[in-house]
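Here the structure comes first, spelled out in structure tokens, and everything after it is commentary.
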Amino acid sequence: MELDSGKPLSLLTLDEIDQHEGGIIQSFRTGHTTPYPDPADWLNSEEPPPGVFVTSVEKVLNWSRHYSLWPVMFGLACCAIEMMCMAASRWDLARFGMDIFRASPRQADLMIVAGTLTWKMAPWLKRIYDQMPEPKWVLAMGACGTSGGLFRDSYSVVPGFNMVVPVDVYVPGCPPRPEALLRAIMDIHEKIDKTRIIKR
């Protein structure tokens, strides 16, 4: 290391080193004459200064979950066709942060269940739900998913997904349009924003 004079640092006297460091400190002091705003000045005011964002950890976590839902698809019947249609370019599911439907429930936090659920398939729905990490949400799509639909009185059909797993949002219709499913996803987003993570 050398000084501006070109003299190696090892050949400098202590006075020369002190003068050099003093010059660095003085130039630093002259460049930093304006203090940063005292938090006491703006914390109690209406608006924080530009560039300062005040929030809670809970809101940041909910915000990140809101925009990065990873869905797993459990399509059983005709409603699944509308779900696939919703993922196409016309409705652009990517703007909600849901670009890719997950292949494994262990990577998903939203399960979209669409179609007619039979009692024979119900244990598999429960197993997939149990494999999802917390926090997790379930969206029941279609008349069959919400109440059993046309097949409600059949001996083999479950009269609604809520008989097997807890459901957060119901989407009525036979089959529901992609717009209705997008509205349900926005309802899930509202639920996520209100989720309490930290226990008091």
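Positions of Cβ are set from backbone N, Cα and C atoms, glycine also.
Under the heading [4Fe-4S] cluster binding site, Swiss-Prot lists Cys78, Cys79, Cys144, Cys174, citing sequence analysis as support. The Cβ neighbour count for Cys144 ([4Fe-4S] cluster binding site), using a 10 Å radius and every protein chain shown, is 28.
Annotation for the binding-site residues Cys78, Cys79: lowest Cβ count within 10 Å of the residue's own Cβ, Cys78. Taking Cβ-Cβ distances under 8 Å and a sequence gap of 6 or more within the same chain, the neighbours of Cys174 ([4Fe-4S] cluster binding site) are Gly142, Ala143, Cys144, Gly149, Leu150. Other residues of the chain with a Cβ within 8 Å of the Cβ centroid of Cys78, Cys79, Cys144, Cys174, the [4Fe-4S] cluster site, are Ala77, Ala114, Gly115, Thr116, Met141, Gly142, Ala143, Gly145, Gly149, Gly173, Pro175, Pro176. DSSP gives Cys79 ([4Fe-4S] cluster binding site) a helix state.
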